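Worksheet for the structure shown next.
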Amino acid sequence: MDISKAEKLESQNELPQPQQQGRGTSFLRTCFNGLNALSGEHAFGYKGRAIVSLFMCLELYLVAVEFLILEGDNLDKLFPNTGFRVAGLKIEGRRAFVLLTSLVVLPTTWLKSLGMLAYVSAGGVLASFILVVCIFWVGAVDGVGFHESNVLLNWRGMPTAISMFTFCYCGHSVFPTLCSSMKDRSRFSKVLLVCFITSTINYGSMAVLGYLMYGEHLKSQVTLNLPIKKISTKIAIYTTLINPLTKYAIIIAPITTAIEEKSIFSNSRSLSIIIRTALVISTVIVALTVPFFGYIMAFIGSFLSVTSSILLPCLCYLKTNKTAQKFRFELIIIVTILVAGSFIGVVGTFISVKQIVNHL
């Protein structure tokens, strides 16, 4: 795809923004609407575009890996000691479920149009709220209770906690894809506002409930702590399983599109299927090799999400907006965000990588 075609495609994904004399878009709108490869190119040239694309694709790739780990862990809790043999090789436990999940999602990745999946994945929003209700029910009705709030604040765990919370907002990479799939793109900002508000309420509620119920004994996924014999637990796990199945193809779509556009056989349907299948296989290998949901989430949040959702939007805005470089309150806010984001990124990345290496 040449530059003119790429810019035309990207311009379709951008929101209509009111232009002001002598100024571009606002800092808040820049960060809120997210980052894309062309914004990196506009600010720092071809190298900027390459760096932004690399971080966005790597972030999405690891999120897809997380989906497989999530499915494997929760299905193994529902159906323990499950296994099968392939060519004389016995595969059991969560590894078996990771493989089975990949076979289920594989056909969805072959679809060129994800419109149908978009409607199905919308049910994931409802599933998220159902999950919160189920967790609350387990604590309030099924006898677990809310008595584990021994430590109000743990400063040593703050970088990891912030990294994980940042992971929850790492959807910037798919914003252009989502925007281009909307019938009325002028409403995209309102859609984002609703998404961020509901996500914050949902994630915050889940974090508070999980800690009040299990405290320091809380596992990387709260569903793994729940009493398996309770109906509410089964409902919670089943609703947890919905999101990865419906969103896996949407998550890796920007990666496959980028690879196929670089291929000399970009119009070949068979090559497209081979590329997408190979990508799924690679995520399975990573999920089986590094099956640490919480540590990988912390790494994605601290290294990739902080970079692509906090640091790079700030840097791109400063580079392209000369007015923002003047010493004003806006510049102080941006520098504060950059310093705080850099600290969280460095410390959180070091801790998460150390934890992953220690558990290999």
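Every residue gets a Cβ built from N, Cα and C, even glycine.
Those TrEMBL annotations? Automatic predictions, nothing curated.
The compositional bias 'Basic and acidic residues' annotation in TrEMBL covers 1-11.
Sequence annotations record features per position, and here TrEMBL assigns region 'Disordered' to 1-23.
Look at TrEMBL and you will find 12-23 tagged as compositional bias 'Polar residues'.
Per TrEMBL, domain 'Amino acid transporter transmembrane' is recorded for 40-350.
If you look up TrEMBL, you'll see 50-70 (among others) marked as transmembrane segment.
Marked as transmembrane segment by TrEMBL: 93-111 (among others).
Annotation source TrEMBL lists transmembrane segment at 118-140 (among others).
What TrEMBL lists as transmembrane segment is 160-179 (among others).
According to TrEMBL, the transmembrane segment annotation covers 191-215 (among others).
Marked as transmembrane segment by TrEMBL: 235-259 (among others).
The transmembrane segment annotation in TrEMBL covers 271-290 (among others).
Look at TrEMBL and you will find 296-318 (among others) tagged as transmembrane segment. The list of residues near the transmembrane segment (296-318) in space but at least 6 beyond its ends in sequence, with Cβ under 8 angstroms from a Cβ of it, reads 27, 30-31, 34-35, 39-40, 42-44, 48, 51-52, 55-56, 58-59, 62-63, 65-66, 69, 159-160, 162-170, 172-173, 220, 290, 324-325, 334, 337-338, 341-342, 344-345, 347-349, 351-353, 355-356.
The transmembrane segment annotation in TrEMBL covers 330-353 (among others). Long-range neighbours of the transmembrane segment (330-353) within the same chain, counting only residues 6 or more positions beyond its ends whose Cβ lies under 8 Å from a Cβ of the stretch, are 27, 159-160, 162-163, 166, 295-296, 298-299, 301-303, 306-307, 310-311, 314-315, 317-318, 324.
Sequence-remote contacts of a segment are chain residues at least 6 beyond its ends whose Cβ falls under 8 Å from one of its Cβ atoms, and for the transmembrane segment (93-111) they are 67-69, 71-73, 75-76, 79-84, 117, 244-245, 248-249, 252, 256, 272-273, 276-277, 279-281, 283-284, 287-288, 291. Within its own chain, the transmembrane segment (235-259) is flanked in space by residues 53, 56-57, 60-61, 63-64, 67-68, 70-71, 74-75, 77-78, 101, 104-105, 108-109, 111, 114, 117-118, 120-121, 123-124, 127-128, 130-131, 134-135, 138, 173-174, 176-177, 221, 223, 226, 272, 275-276, 279-280, 283, which lie at least six positions past its ends and keep a Cβ under 8 Å from the stretch.
Counting residues 6+ beyond its ends, the transmembrane segment (271-290) has Cβ neighbours under 8 Å at 61-62, 64-65, 68-69, 72, 95, 98-99, 102, 105-106, 109-110, 112, 252, 255-256, 259-260, 263, 265, 296, 356, 360 in the same chain.
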